[in-house]
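Heads up: the structure comes next, in structure tokens.
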Amino acid sequence: MAKRSSLYIRIVEGKNLPAKDITGSSDPYCIVKVDNEPIIRTATVWKTLCPFWGEEYQVHLPPTFHAVAFYVMDEDALSRDDVIGKVCLTRDTIASHPKGFSGWAHLTEVDPDEEVQGEIHLRLEVWPGARACRLRCSVLEARDLAPKDRNGTSDPFVRVRYKGRTRETSIVKKSCYPRWNETFEFELQEGAMEALCVEAWDWDLVSRNDFLGKVVIDVQRLRVVQQEEGWFRLQPDQSKSRRHDEGNLGSLQLEVRLRDETVLPSSYYQPLVHLLCHEVKLGMQGPGQLIPLIEETTSTECRQDVATNLLKLFLGQGLAKDFLDLLFQLELSRTSETNTLFRSNSLASKSMESFLKVAGMQYLHGVLGPIINKVFEEKKYVELDPSKVEVKDVGCSGLHRPQTEAEVLEQSAQTLRAHLGALLSALSRSVRACPAVVRATFRQLFRRVRERFPGAQHENVPFIAVTSFLCLRFFSPAIMSPKLFHLRERHADARTSRTLLLLAKAVQNVGNMDTPASRAKEAWMEPLQPTVRQGVAQLKDFITKLVDIEEKDELDLQRTLSLQAPPVKEGPLFIHRTKGKGPLMSSSFKKLYFSLTTEALSFAKTPSSKKSALIKLANIRAAEKVEEKSFGGSHVMQVIYTDDAGRPQTAYLQCKCVNELNQWLSALRKVSINNTGLLGSYHPGVFRGDKWSCCHQKEKTGQGCDKTRSRVTLQEWNDPLDHDLEAQLIYRHLLGVEAMLWERHRELSGGAEAGTVPTSPGKVPEDSLARLLRVLQDLREAHSSSPAGSPPSEPNCLLELQT
């Protein structure tokens with residue numbers, strides 16, 4: 001049993017930001033930190049005070065996180081980036097909004113004294129003395145302190161205050177993981193109410209010392225427990241007066257939703273999974289209660305989530321095609337007009353969208369990737385609408401005359417015809433590259449629609465049904481927003497975005513089979529009509545070949561594609577492998593091409609190199625970040641593993657940005673999460689000379705000074721399926737609509753009492769709805785009887801001691 005937390009984050013836009021550049025504008029981007037750990041960086045939106053990002057992320061993290069902060073920054077090419085402001089949401093604030101926090105939040109000024117992070121290890125004792133009780137405070141060590149100096153470290157010391165007396169530890173130079181092991185004693189007076197204050201500071205020779213955080217201990221509670229030892233989270237100084245600058249720094253529109261799930265062992269979900277799978281296997285031949293009932297009881301706002309959870313569950317069971325086939329039949333049974341077929345946001349439409357994103361994303365990248373990259377690289381000005389043509393944007397400098405409007409329109413049409421032709425040609429050649437399960441699903445869709453709407457007058461309807469998903473809900477959205485489909489790392493600029501929009505419109509016209517209705521909407525698209533008409537013929541030929549797959553061919557193709565399984569993650573990185581003593585600088589990194597599969601992390605000089613080295617996946621013990629000071633550069637991670645002889649080794653890898661760093665860390669953590677011997681602690685520094693750079697510990701193989709973060713990952717489109725989590729999410733949804741399910745059960749069983757499902761032998765066998773209600777009841781009891789998931793990082797007694 002495990003407790004899991006997921007944070008859905010959507011950074012929408014900003015408004016009324018202050019100008020940071022001499023041009024009267026800014027180049028804003030966002031950094032997202034969870035407990036002061038940077039995990040996300042948005043794209044930079046250039047030269048604007050009202051940026052739009054529209055970026056979505058989902059982060060899996062331990063349930064013990066405390067806060068998520070959004071920093072709006074101004075990018076500068078020549079100097080350090082400026083901080084515009086921040087929005088901080090505590091875990092409690094997010095959890096108080098069951099449907100998620102959504103809306104505008106004012107940016108506030110970043111106060112260095114509030115940028116507190118890390119924990120301090122204390123041993124606290126109350127023991128009797130000759131005249132009065134004594135309070136003993138042992139300051140042992142600290143970890144993950146905020147780096148306050150330019151070299152990426154701090155020079156921390158601790159100040160302990162009680163009843164007007166102040167004691168200080170020694171200063172540990174250049175460390176965010178200091179060890180003191182110093183003890184201070186104070187005399188306790190009976191009935192004294194004053195608290196013990198432990199403050200961490202960064203010592204500075206010239207300027208004032210920087211505040212690193214504090215812990216305030218309730219001495220009266222400590223008297224009761226007599227002795228306590230543990231890690232205490234450092235807190236900001238709440239006594240400081242806050243500046244009232246809300247609104248002066250602009251606002252940020254956010255959507256943040258927290259989902260906490262307690263996932264039971266697989267055996268608990270088997271009855272639910274078996275029941276749903278049985279319903280799908282029966283299809284329209286059986287009573288068919290559950291799937292239609294789930295659709296009926298699912299609200300519009302959560303339909304996409306429910307569709308995705310069901311789709312992933314059945315995909316893991318090998319029943320995705322059968323599940324979607326059942327939904328196709330249900331939707332066709334209630335559709336009489338061909339022009340409304342699969343155009344609503346039904347469970348069938350949402351499930352098919354999710355299916356294509358889960359099963360067809362690699363295929364999409366193979367078809368669209370080269371075309372999208374070419375559009376981004378060319379940066380051509382493209383416009384077909386005469387009312388929007390701006391000749392000045394395309395004028396030729398030097399001796400050449402500016403282009404006329406007619407020339408701009410003709411050149412734009414030629415460019416779009418070339419892109420559309422290249423896309424359709426790539427699509428026509430891609431039949432064998434399409435996953436077998438996707439082809440088989442489209443085959444079922446094509447057949448069901450043709451059976452429902454036979455006759456020559458409906459000849460195009462099966463083709464339009466396929467293109468309504470393939471073109472209108474998959475290819476066109478990916479063309480318009482390539483970053484959201486992982487085709488590009490950054491959003492398109494205004495010029496490229498317009499080209500992509502026009503190309504997406506052309507693809508939609510082809511997908512609509514060039515109907516008169518689609519042509520009448522925008523007459524200025526007429527120059528593309530010859531290519532569109534030719535594309536319709538190409539697309540129909542492609543679909544005919546796509547759906548021409550039999551069961552045997554499906555199995556053979558699936559087997560072939562599975563042998564060509566793509567890497568989990570690949571790309572160029574810089575590597576430095578430890579070689580004992582000597583300085584480690586960023587210049588010693590060597591660029592290699594890395595490929596992570598479910599078997600190993602391999603690396604070579606080029607992607608096509610025959611000779612490569614590898615780290616076996618089963619040997620990986622941790623994947624963590626490295627302190628910036630260690631190599632004089634940021635975005636460095638370490639892969640800790642054992643070689644074939646069982647000796648511990650470390651490979652240091654440098655990424656180009658914080659997003660790439662976290663993507664690689666996420667991928668490595670996901671594929672190694674079930675490894676035996678995973679580390680619980682590690683050193684975020686390097687062993688230089690005769691000691692670790694982080695904590696100055698001299699024992700190379702000693703216990704790490706920081707805890708590992710193997711559960712902190714980013715959700716990606718190619719994540720492995722988690723059957724237990726999907727089953728838990730479906731259970732949680734059904735539990736939310738249980739009252740509606742009982743109401744339907746009473747209707748079907750002639751007014752039986754809610755909560756009374758027949759169980760006696762000899763009675764009529766339970767129908768599927770009654771069995772579902774019983775399964776929900778059993779799961780509810782399993783949740784209530786099982787202990788809570790992972791223990792919190794701080795015992796309750798430590799939290800109670802802090803005031």
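The backbone N, Cα and C atoms fix where each Cβ goes, and this holds for glycine too.
The range from 229-251, 689-711, 781-803 that Swiss-Prot describes as region 'Disordered' is residues 781-803. The record from Swiss-Prot ties Asp202, Asp204, Asp210 to Ca(2+) 5, and of the options Asp149, Asp218, Asp260 it ties Asp149 to that site too.
Ranking the binding-site residues Asp74, Asp76, Asp204, His683 by Cα distance from Asp82 (Ca(2+) 2 binding site) puts Asp74 first.
Taken residue by residue with DSSP, Asp149 (Ca(2+) 5 binding site) is part of neither helix nor strand, so it is coil. The 10 Å shell around the Cβ of Asp155 (Ca(2+) 4 binding site) contains 19 further Cβ atoms across the protein chains shown. Excluding Asp149, Asp155, Asp202, Asp204, which define the Ca(2+) 4 site, the same chain contributes Lys148, Thr153, Ser154, Pro156, Trp203, Asn209, Asp210 within 8 Å (Cβ to the Cβ centroid), listed in sequence order. Taking the mean position of the Cβ atoms of Asp21, Asp74, Asp76, Asp82 as the Ca(2+) 2 site, the remaining same-chain residues with a Cβ inside 8 Å of that point are Lys20, Ser26, Asp27, Met73, Glu75, Ser79, Asp81. With a 10 A radius on its CB, Cys695 (Zn(2+) binding site) counts 23 other CB atoms from all the protein chains. When DSSP labels each residue, the domain 'PH' (566-673) comes out as 24 helix, 45 strand, 39 coil, counted as helix, strand and coil in that order.
Nearest Cα neighbour of Asp76 (Ca(2+) 1 binding site) among the listed binding-site residues (Asp149, Asp202, Cys695): Asp149. If you measure from the Cα atom of Ser79 (Ca(2+) 3 binding site) to that of Asp27 (Ca(2+) 1 binding site), you get 13 Å.
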